[in-house]
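As recorded in Swiss-Prot, the features of this protein are as follows:
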{"type": "ACT_SITE", "residues": "His121", "note": "active site, proton acceptor"}
{"type": "BINDING", "residues": "Ala22, Thr26, Phe33, Arg34, Gln103, Ile105, Asp106, His121, Thr190, Ser191, Asn213, Leu231", "note": "NAD(+) binding site"}
{"type": "BINDING", "residues": "Phe33, Ile105, Asp106", "note": "nicotinamide binding site"}
{"type": "BINDING", "residues": "Cys129, Cys132, Cys150, Cys152", "note": "Zn(2+) binding site"}
{"type": "DOMAIN", "residues": "1-244", "note": "domain 'Deacetylase sirtuin-type'"}
Amino acid sequence: MTGEQLAHWIEESTSTVFFGGAGMSTESGIPDFRSAGGLYTTQHDLPFPAEYMLSHSCLVEHPAEFFDFYRTYLVHPQARPNAGHRALAALERAGQVSTIITQNIDGLHQEAGSRQVIELHGSVHRNRCLACGRAHPLSVIMDAPGVPRCSCGGMVRPEVVLYEESLRSQDLDNATTAISTADLLIVGGTSLNVYPAAALLRFFRGRHLVFINREATGYDRAADLVIHDGLGKTLSAVQRAVMP
C-alpha cells in the first residue's frame, strides 16, 4: 500500500523533487562510506585515515597518495545506472519528477537520462587545472601515472567537494529553491547525517515528505510516509503504477 500511496502523490503533485544519497548508487555496486560494509570500515591498509585521504589537506600535502586513493575508491567506471536511476529518469521524461538533488559524484543519474540534476558534491566527470582553469575529462585523471597534470604544468583536480571544502553556493541555492517550491519531496538512500546537505530539508514546506531507506533514520517520524526497502525495487514499482 505504501508504494501505491507514493504513486498517487506523484500523480497529483505539481512539483516532485527527489533528494538522494549513497544508497542510490550502492545498487550499482558503488560502496558507501559509513555503513558496516562501507569504505570507512573496510579499508585498513591506507597510508592515512580515510577521511583525511578525502580532504583538501591531503590533496595539497600528499597529492600522489590522494590521487591513488581517489582513482581506486572514488571512481567506478564499471558502474551502470540501476533500476532506481532508470525509474527516476522515466518519471522525469513523463513530467512527474521535476528535479533530482544528489549527494553522489558518479553521474549515474545523467547516464540514465535525467536532465534536471543538482550535484551537491560535484562530479568525477568534471575536472579542472588549478593553474589555468582548463576543463579536462575523467580520462586525464585516470590515465595519469601519478598526479595528473595539464599541458600548462598545473595539477588537474576533480570538481568534487572534499572535506574542509564548502559546497558551491550556486548548487546550494538551486537545491534550496527546488526543495522550497516542491509539494512532494522524496528522500532516498541517505541517513541524513552529512551536513550541510541534510539541513536542506528544513526548507521543505510542501504537502508530503517521503523517506525511502533500507534502515531507519532519526528523521523518519517527520515523514508522511516511510518505506524501508530498496530504492530500485520501490521506484520501479512506483514508476509502473504511475506509467502503466
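Glycine is treated like the rest: Cβ placed from N, Cα and C.
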Cys129 (Zn(2+) binding site) in three-state DSSP notation: strand
Per-residue pLDDT averaged over the domain 'Deacetylase sirtuin-type' (1-244), given as an integer: 94
Cα proximity to Cys152 (Zn(2+) binding site), best match among binding-site residues Ala22, Phe33, Gln103, Ile105, Thr190: Ile105
Surrounding CB atoms that lie within 10 Å of the CB of Asp106 (NAD(+) binding site), all protein chains: 24
For Gln103 (NAD(+) binding site): intrachain residues, at least 6 apart, with Cβ closer than 8 Å: Gly20, Gly21, Ala22, Leu120, His121, Thr190, Val194, Ala197
Other CB atoms within 10 A, centred on Thr190 (NAD(+) binding site): 24
Assigned conformation of Phe33 (NAD(+) binding site) - DSSP reduced to three states: coil
